[in-house]
Amino acid sequence: MNTSFSHTISAVITDLDGTLTDKRRRISTVAVECIRTLTDSGIPVILASGNTLCSMTILAKMIGTDGTVICENGGTYRIGFDGDECIIGDITACRNAFSVLQGYFKERGEVLQLYSPEYRFADVAFARTVDPDIVREVLSGTPVRVLDTGFAIHLQTEGITKGTAFLQICDAIGRKPDEFLAVGDSHNDIEMIQAAGYGAVVQNCSDDICQAADYVSGKKYGEGFVDAVQNVFPSLF
Ligand SMILES: O=C(O)COP(=O)(O)O
Ligand SMILES: [Mg+2]
């Protein structure tokens, strides 16, 4: 674990569920206050989630960021509230893979529950009522990656991650990934954490991302996020 950072960090990118929220998805009010302190100090905060573009837009508005969001695990993103919606995932491949899964589990008497399919443009998300490892096994050989976020199972086009969307946003806004503190909690945050100048995780993180982080907070959920931010921007607090 690298507990120091040599370059100047001047921006933040953060996961939502499990990082700004608790396991019941209740948003942390201290994390919201912290993001407002950052944005009011001129430090942009990008919200990066597996959630849909419409839900992330409302969240960004209500928290008070500039509206730059990564959604559907990198399958969609938008710069600012008025930017174009960029869709970079192949929803057809994900839906086809989901049909294969539905068939497999139906034969075993299990019905998969989709999450907000009408608002998804790039990935497919469904309830964690089945074993993600079995899902991976059934879909091996397809062009689709299986992500278990701890909140849902997602099917995503191979090669698309929060990290790839993050790099595209950096290119578009003229910032280097090195300038960012990235904070996350789960498997779907690994590439983003690795691409950023300094990658931090909250204490409730999954084992795989813990290994990839520069900093592991001793605090959970929103308090862990605040701790990671205070570690990098001590003069703001
Ligand atoms: O959509 C999910 O499954 C989890 O969302 P997250 O990326 O904000 O943790
Ligand atoms: Mg998360």
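Positions of Cβ are set from backbone N, Cα and C atoms, glycine also.
Under the heading Mg(2+) binding site, TrEMBL lists Asp15, Asp17, Asp185, Asp189. Residues or ranges marked as active site, nucleophile by TrEMBL: Asp15. What TrEMBL lists as substrate binding site is Lys162.
Features as recorded by TrEMBL, highlighted on the structure.
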| residue | record | DSSP class |
| --- | --- | --- |
| Asp15 | Mg(2+) binding site | coil |
| Lys162 | substrate binding site | helix |
| Asp185 | Mg(2+) binding site | coil |
Rounded Cα separation (Å) that holds between Asp189 (Mg(2+) binding site) and the residue listed as 'substrate binding site': 7
Binding-site residues near ligand 1 among Asp15, Asp17, Lys162, Asp189 (Cβ under 6 Å): Asp15, Asp17
Lowest local Cβ density among Asp15, Asp17, Asp185, Asp189, which the record lists as binding-site residues, within 10 Å: Asp17
From Asp15, Asp17, Asp185: binding-site residues whose CA lies within 10 A of the residue listed as 'substrate binding site': Asp15
Residues among the binding-site residues Asp15, Asp17, Lys162, Asp185 that border ligand 2 - Cβ under 6 angstroms, in sequence order: Asp15, Asp17, Asp185
Cβ-based neighbourhood (8 Å from the centroid) of the Mg(2+) site, residues Asp15, Asp17, Asp185, Asp189 excluded: Thr14, Leu16, Gly18, Thr19, Ser49, Thr149, Gly150, Val183, Gly184, Ser186, Asn188, Val202
Number of Cβ atoms other than its own within 10 Å, given for the residue listed as 'substrate binding site': 30
